[in-house]
Amino acid sequence: MYLLETPYILYQPFDTSLIGSFDEKPVNQGLATLAFFGVGVNLVLYLTRVLQQDNATAANNVSKWTGTVYIFSLVGAFLSDSYWGRYKTCAIFQLIFVTGLISLSLSSQLFLLKPEGCGSQEDPCGTHSKLHVWLFYLSIYLIALGNGGYQPNIATFGADQFDEEDNKEGHSKVAFFSYFYLAMNLGSLFSNTILGYFEDEGVWAIGFWASTASAFAALVLFLGGTARYRHFKPNGNPLSRFCQVLVAAMKKCRAEMPQGGDDLYDEAKKESSNSNRKILYTHGFKFLDRAAYISSRDLDHQKQGICSPWRLCPISQVEEVKCILRLLPIWLCTILYSVVFTQMASLFVEQGAAMKTTVSNFKIPPASMSSFDILSVAVFIFFYRRILDPVVARIRKSDAKGLTELQRMGIGLVIAVLAMLSAGIVECYRLKYADKECPHCEGSSSLSIFWQIPQYACIGASEVFMYVGQLEFFNAQTPDGLKSFGSALCMTSISLGNYFSSFLVSVVMKISTEDDMPGWIPGNLNKGHLDRFYFLLAVLTSIDLIVYIASAKWYKSIKFEGRFEANDDEQGNFKV
């Protein structure tokens, strides 16, 4: 029975007839994403039109804010895995999310959108007091805290509802991540189009209140399914377990170690209430094995009934640390991809605003172009799951799956390079047809905004391979007690990507503005060279791809005792 082999202790029994009810989690995620992107997708325009910031400053502030969202995912993952459990963590952070949205809506409507009706491109707002600006930043960072703490846990909480030991549910779990990501994008489709249109026209209050209503509906829907969820207890502080291994290994750095792992301390040999699946011994990071080496001093302590976890750790705990260390090179390679991804919310929008945005008498909000990214995600999820994956599996004569997660992430990096090349080429032609003395007037460039479609479509295609592959990879390759941490790694790579993007923009502007030059990304993009910044990102991502391939070929996947031992090749191997 799965209930006896589950990686955590259940709060209550689970009725497998309720599996169909888990569709509400993607719906919940769709509503929460609608609320989040209702704020985030046009935030760069809000900063320039309402708070009167220049393009580079606004782009940096958006990158820092988005990065902070995902930094908070580590906080949520830590509380979930250590103390609260995933259900309680999701509920608390969703409540913080709703509170931040209410505060943002009120502060904007009452204080910031003055004079009344301001906030459009033609009618920017006036100056604001420091208190009102402070209240705005407090509101958006409450949103960052709530959404960041919630995100890694809802994905893992949804995956918890599927039994990996059951073949049917195991395949459903793999599909869950694709449809979960699709729900996120469908939620942002509404915010990028309908809400984006109202906000671009300066009707910011309606957009923010609609986001608030959507987040509140998501919270009610989540709480409404409480009785039907599969609940798990947290496993304790993972940070202390990690540090115990390092400290114990350092204390025995001069000990003579036996060959192999047979003589190392194995807690599974004695009676234990820990029901986590056992991780099989691996030969990498041999120095850490010292933490599980039983010295003569440890034997004396055991006879006296003394056993300090800071001196002797079970080999399963050592293997947890090894798993995390093996993941780090792969994780580091995903950060630069997030630099590419974050351009959609900043420079892509500013580039679109400097293009021809009218069709007849209808004006297209630049932020709504990200709807092509969402449509691309939907198309490529269908293409991958229904066409590409079965074809690759048939060629390989494998019943399990086609491309591995690592291979899909590599494909995502390749497509990201193409996205930056496309954006750079479009910018070259935009500059060719631009009026350099007319930064914001109608028709500052005669090139249509629809020429941005290829770069948005490429980003969407790369997301399907990179981010969905990441979610599956880190969920499968982290130990049972660190599943939320695995999801948080995905979010943190996005965070660091945003921070690195902000740093890169600052460095580029400092270097390119020497000798009184306008720089690559000036307030008037028609006098700059945004194309060079895009090409720089294409070069950096290409270098990152090479490093990623080397890291992926070195990586060895986690091995669990039982049927997971036989399925090792399905998870982590990367073959070109």
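Heads up, the Cβ atoms here are built off N, Cα and C, so glycines get one too.
Bear in mind that TrEMBL entries carry predicted annotations, made automatically and left uncurated.
Record features (TrEMBL):
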type	residues	note
TRANSMEM	30-47	transmembrane segment
TRANSMEM	91-111	transmembrane segment
TRANSMEM	131-150	transmembrane segment
TRANSMEM	176-198	transmembrane segment
TRANSMEM	204-223	transmembrane segment
TRANSMEM	327-349	transmembrane segment
TRANSMEM	369-388	transmembrane segment
TRANSMEM	409-429	transmembrane segment
TRANSMEM	489-513	transmembrane segment
TRANSMEM	533-555	transmembrane segment
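With a cut-off of 8 Å on Cβ pairs spaced 6 or more residues apart, the transmembrane segment (327-349) and the transmembrane segment (30-47) reach 3 or more such pairs and are scored as touching. The transmembrane segment (176-198) shares the most Cβ pairs under 8 Å with 30-47, out of the stretches 30-47, 131-150, 409-429, 489-513. With pairs at least 6 apart in sequence, the transmembrane segment (30-47) and the transmembrane segment (204-223) have 3 or more Cβ pairs within the 8 Å limit; the two touch. The transmembrane segment (91-111) shares more Cβ pairs under 8 Å with 131-150 than with any other stretch in the list 131-150, 369-388, 489-513, 533-555.
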